[in-house]
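Reading through the structure tokens given below for one structure.
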Amino acid sequence: MRIRVPATTANLGPGFDSCGLALTLYLTLDIGAEADSWYIEHNIGGGIPHDETNVIIETALNLAPNLTPHHLVMTCDIPPARGLGSSSAAVVAGIELANTLAELNLSKEEKVRIAAEIEGHPDNVAPAVLGNWVVGAKLDGEDFYVRHLFPDCALIAFIPKAELLTSESRGVLPDTLPFKEAVQASSIANVMIAAILRNDMTLAGEMMERDLWHEKYRSQLVPHLTQIRDVAKSQGAYAACLSGAGPTVLVFAPRNLANKLQTSLQTLEIDADVLLLDVEGSGAEVFR
């Protein structure tokens, strides 16, 4: 059996800790034969565990402690610590592993709830489970979210080789915002969401670049954001914004501009991968 979970981008600018979008990069987990102990082969390196302390296995065992150990093989296109939901993908893969092997028959809603409990909020895990675009909130321990189709557009991901830990990126954020600024930040997010629902990416893109919640604070850790935004806007893109906590920057553009933008971004003197992606519509899947 094979489990496949998509990457995700969170925030989309002003939709801070609320908006998430599934992307066509994947964590794939092949479930092999039963074994005496858990072992997970993977291509990530970097100190990622191969035993039951791996997040995937740990998550599965928390849900189903009596699972029979298996040999697992993970391949992952989602680079860690780049703002593309790698940790959320691992958590969701663990939930799917337990659900499959222990025949838990979890609903998608239950999977989102469990994953959001582990991750703290649903912005990455909800689209990882459900696919497409999700707007969500966690209030008094309860998850509220709406899944909707995202407008058709090109997505160009500028993924620096250097990592940026979410903990570091969150450390530069203020504890509070002045009331007037928070009201303005909320109104910007509201207009962005309404524009997306109306398939108006021009207006949505303008709001994406007017975020007041987090990007201006994180820009000191992601100095290439302004440079990428300038290139993108000069060539007709809708917007460029941080993917999650960064350092990846996601560019939204008309499809006919995708190749040109990719080429232009590849010429920047920054060590990075520049990938053409799409919205992933299915979310986590199990292939038997």
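In case you wondered, yes, glycine gets a Cβ from its N, Cα and C as well.
Residues or ranges marked as ATP binding site by Swiss-Prot on the basis of sequence analysis: P79, P80, A81, R82, G83, L84, G85, S86, S87, S88, A89.
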Given the recorded ATP site (P79, P80, A81, R82, G83, L84, G85, S86, S87, S88, A89), which additional residues of the same chain have their Cβ within 8 Å of the Cβ centre, ordered by sequence?
A7, I78, G244
DSSP-derived class (H/G/I helix, E/B strand, else coil) of A81 (ATP binding site):
coil
Within a 10 Å radius around the Cβ, which one of these binding-site residues has the most neighbouring Cβ atoms: A81, A89?
A89
Are there any residues at least 6 positions away along the chain from G83 (ATP binding site) with a Cβ closer than 8 Å to its Cβ? List them or say none.
T9, A10, L164, T166, S169, L242, S243, G244, A245, G246, P247, T248
Neighbour-count leader, CB within 10 A, binding-site residues: P79, G85:
G85
